[in-house]
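To start, the structure itself, in structure tokens.
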């Protein structure tokens, strides 16, 4: 068996799932994948590795490698390593990213570049998969091309590797096809099953007959346009190439609960310390007629060891919506068993390599707890999940549609009706009523419910033992009922939690409602980042934060104000804030507080943009619609701050549009004011980022 080392670096499980898919496909191509997380350094050794290396690397934050790869990246960036340290190593790398972020696929690019600097060579070209348009558009063909690339690599080494009898038989059965085709076309033997309506085999013969019958009957769908449940030609008449079904590997037993005192998990598992803290204050920062509702919450951290500084972020551990969990269990016909304990075991005869129990499902927890606190039931189902669901769908039309949505031919429909529409499992089960998946399938495919990150919006110097954060209540259209809106998993939960004592925005600075009933939430620290005030207090800084992106900068300003009080003779650099919102009178967050900082001189320049109002007349506000416009209105000062005064620029907020537009504006500013072309301006920004003088805290 031809062995290769397969490493993944994952943040939320995406890279791991893709690596597992590669591992499962490897056997059918005569390869053996030695699969490990890159953090499991005790299980592999690149210094002595003789086989080819395949890596799948995701990206997190603002272009950083995932947390699981931090140690690995640090080790390979040791400056004492010689340039031929990995000269023996041949590798192929698949990077995952999102082009909505400035530093697309940077986690993979960092590792790729460093491996080459240390002498490693590609046996297969690097792939960059974009979650913005659909990872599968690159992932699937990259995996398809991996097998001929590995085959070519092993042939170039000469000789045949040892194989077991079963492996030899497997290869022999493939020999006619292999010999009849060029090596670069061998990927046709990959994991896909060619499901032709003319040649589907005995198991699907009844479905084929039903499909033929359905063609001659009136459609039960009024809308003849393509939709989640309905396809149109040519897709509806095409033969389909669909993924091979992933081997099931879990056995699930439901054990009747012995009573409420029975020992079970009360907190979802986490590698980070978890703190239970009360919400001491909740303030609505926007007016009732604002397009988005923004809340400020204050946490009382006086009883826990939770240190933080302005610019830090932290995680809120949140549950799924109780009503959604109830609806899902009802649809799965498990509502009467929601208090039962879930016992998991690995199937004795599973074909899944390296099968293990999901670490995010605590042993002996109730069914309701698992679906409420452990599983991301809002996750958009991947194609492998759709493929598995199709096997448990009895209606021929519904089964065919699920197969279309996970097929190569149905990629456009998948993106439009599943991915872009943020369809979740409950949506699918309500749309395809004959789909009756077993519980083990859901536990195998639903990912871990992730904590939600929030920026600290306060300074411990001004608010000791308190922690502020700000968020918009996210509203999403529901795919199950046309008129309803779903709230964000975490923001909707928090809004409901604080509704009984939510205060209007009268005076954020001094209002205190700690005497109200204080619900408690779970929080955990996040890995430290560099989004902090510079150590050199005399360095000028530019802060760009529209909407809730202003949150960390309020903490910056609070911190700076207290430092100036403590050091009245200190040399403090200028502070610019570029803030933006829709309406001056509806969603101008922290308006009075920002004006206070401007009046006291802590904030040197406040430039505010109102995208939906007529041009403002007040002196501190420039007539620009967006923060990037305001930056360009002050291009000379911005360029001087960054290029001549060794200043810092911080950008916080939406990655999809704002962060890109701000980046483009900075390129134009540097190009114009420094008299260089745009390529040189981009290099200058890259240098600023490397020097940690251009810092981003952005989200999608």
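Cβ coordinates are placed from backbone N, Cα and C, and glycine is handled just like the others.
Taken verbatim from Swiss-Prot:
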{"type": "BINDING", "residues": "10-14, 93-124", "note": "FMN binding site"}
{"type": "BINDING", "residues": "292, 611, 612, 626, 627, 628, 661", "note": "NADP(+) binding site"}
{"type": "BINDING", "residues": "452, 453, 454, 455, 488, 489, 490, 491, 699", "note": "FAD binding site"}
{"type": "DOMAIN", "residues": "4-147", "note": "domain 'Flavodoxin-like'"}
{"type": "DOMAIN", "residues": "272-534", "note": "domain 'FAD-binding FR-type'"}
{"type": "MOD_RES", "residues": "173", "note": "phosphoserine"}
{"type": "MOD_RES", "residues": "190", "note": "phosphoserine"}
{"type": "REGION", "residues": "168-247", "note": "region 'Hinge'"}
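Where Swiss-Prot records a feature, it is marked here on the structure.
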residue : record               : Cβ within 10 Å
98      : FMN binding site     : 19
113     : FMN binding site     : 12
123     : FMN binding site     : 20
488     : FAD binding site     : 19
611     : NADP(+) binding site : 14
612     : NADP(+) binding site : 12
627     : NADP(+) binding site : 28
628     : NADP(+) binding site : 26
661     : NADP(+) binding site : 16
699     : FAD binding site     : 20
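Of 108, 452, 488, 490, all annotated as binding-site residues, the residue with the shortest Cα distance to residue 611 (NADP(+) binding site) is 488. Following the DSSP three-state reduction, the secondary structure of residue 490 (FAD binding site) is helix. Of all the binding-site residues in the list 113, 118, 123, 292, 627, the shortest Cα-Cα distance to residue 490 (FAD binding site) is found for 292. Between the C-alpha atoms of residue 488 (FAD binding site) and residue 108 (FMN binding site), the distance comes to 30 Å. For residue 452 (FAD binding site), applying a Cβ distance below 8 Å and a minimum sequence separation of six or more within one chain yields 315, 316, 318, 489, 490.
Note: residue 93 (FMN binding site) has non-local neighbours 54, 55, 56, 57, 108, 111, 112, 115, 126, 127, i.e. same-chain residues 6+ apart with C-beta under 8 A of its own C-beta. Cα separation, residue 454 (FAD binding site) to residue 113 (FMN binding site), rounded: 32 Å. The Cα of residue 292 (NADP(+) binding site) lies closest to that of 113, out of the binding-site residues 113, 118, 123. The C-beta environment of residue 626 (NADP(+) binding site), restricted to residues of the same chain at least 6 apart in sequence and closer than 8 Å, consists of 546, 580, 609, 611, 658, 661.
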